[in-house]
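Student: Got a structure for you, written out below as structure tokens; questions coming shortly.
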Amino acid sequence: MNGLVMGIKGILSFLSAPLIGALSDVWGRKFFLLITVFFTCAPIPLMSINSWWFFAMISISGVFAVTFSVVFAYVADVTTVEDRSRAYGLVSATFAASLVISPALGAYLNDKYSEPLIVALATAIAVLDVFFILVAVPESLPEKVRPSSWGAPISWEQADPFAALRKVGLDHTILMQCVTVLLSYLPEAGQYSCIFVYLKLKMHFSSIDVSIFIAVVGILSILTQVILGDLMKALGAKRTIIIGLLFEMLQLLWYGFGSQMWMMWAAGILASLASITYPAISAFVSIHSNPDQQGVVQGMVTGMRGLCNGLGPAMFGVIFYVFHVDLNDDHNGGGSLGHSAVGSSSGMGSLDGAKFVRNETLHGGLGAGHHIIEDEYSQFMPGPPFVFGALMVICAIAVAAFIPEAPSDAIRRPSGLSVDVDYEYERGRKVAGPLSPLMHQDSAQL
């Protein structure tokens, strides 16, 4: 069920992200930031009410689960090109911090109190988040930049996600970045779906070990993304992306061929270093795009990630099956590769007796010849999906190597101007109009 829900949610995100991005380019960011956060958090209270309604709401929320694209477009509106990569790194670091804090806090509250209290607290925080956006977050897109404010009605061609795909396909730089995201994030999404169960069953991590592993990798990811801006300034955007992809390839190979616990810890450190890839790509795409297309291009990147979130776990499950590797618990027959990170960690304690098994069916009889033996592949390659994922990342590196380092003159904003100043500049005026409420007046100097 969980795998099906993630697949539906991923496909819906892929289709809706460019649409929401295009609409945010026309009608502003705040409204779409509000609805994306609302629908992302909407399934939370249903967790303790009805599981079927919860799964249904998660599937539907995939249409609006594209908060990152709106947030990154918002950041592009209120920052100059020089500050963009640093800002994207801070946004991603904040998200990573939430992933470190929330599981630990949830586990602590679950031990001390009850699950309904955790759901109630999460619901309250979600409501507070929506209220904060409604009251305290200003609109970032200047009114004069919105086509609707000067009488140009939005057309379906402008909002159609497939039309957005075709537009992006005309820009080879953005298209190559989207292909890079697809090839690199597909194995990453598959890895997220099973890595905690894999560590528990194959590498004999205890529940405490897994919790510490999550915390260490998360904290290192935060530190890495905080310095993203300095890395991009020192090395350049293209080199930073390639370095992140190299770290991702190495950590997948470590997961795939490693057979000792210390190797998994080394792979986790590499994974934290690889976390710079997505914010670096988002910053690169933003710098290479026109100021009135930030929502569309960020929506395309987020849509690719959504598609990978739906297909990645299925891909890993198929590869595990082809190599006769089963992560199910042989005591109760439960579990699957489609576990999310939350589902995997919460069900970790029931998987202690699980082993890798090979299903050898004799004479066509189902269930016959179920021998609990060590698979012949696991001696050399314990995690075949991770190795296959590393090969995909190598392809992503090859694509990224052909991406031009510098944006074209037709796209680059002169002197790294903000979106509203650039709007004035493109129309030949030398005096900037009213700035976005979050922009400092110094940015208006032409």
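Glycine too: its Cβ is placed from the backbone N, Cα and C atoms.
Note: TrEMBL annotation is automatic and uncurated.
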Student: Suppose you had to name the range TrEMBL annotates as transmembrane segment; which of 87-105, 239-257 would you pick?
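Tutor: Matching range for transmembrane segment: 87-105.
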Student: Report the DSSP secondary-structure composition of the domain 'Major facilitator superfamily (MFS) profile' (1-141) as helix, strand and coil residue counts.
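Tutor: When I sort the residues of the domain 'Major facilitator superfamily (MFS) profile' (1-141) into the three classes, I find 120 helix, 0 strand, 21 coil.
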Student: Sequence-remote contacts (6 or more beyond its ends) of the transmembrane segment (117-137), Cβ cut-off under 8 Å?
Tutor: 30, 33-34, 37-38, 41, 44-45, 47-48, 106, 109-110
Student: Among 6-24, 31-47, 263-285, which stretch has the highest count of C-beta pairs below 8 Å with the transmembrane segment (53-75)?
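Tutor: Between the stretches 6-24, 31-47, 263-285, 6-24 has the largest tally.
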Student: For the transmembrane segment (263-285), which partner among 6-24, 31-47, 87-105, 210-228, 306-323 gives the most CB pairs under 8 Å?
Tutor: 210-228
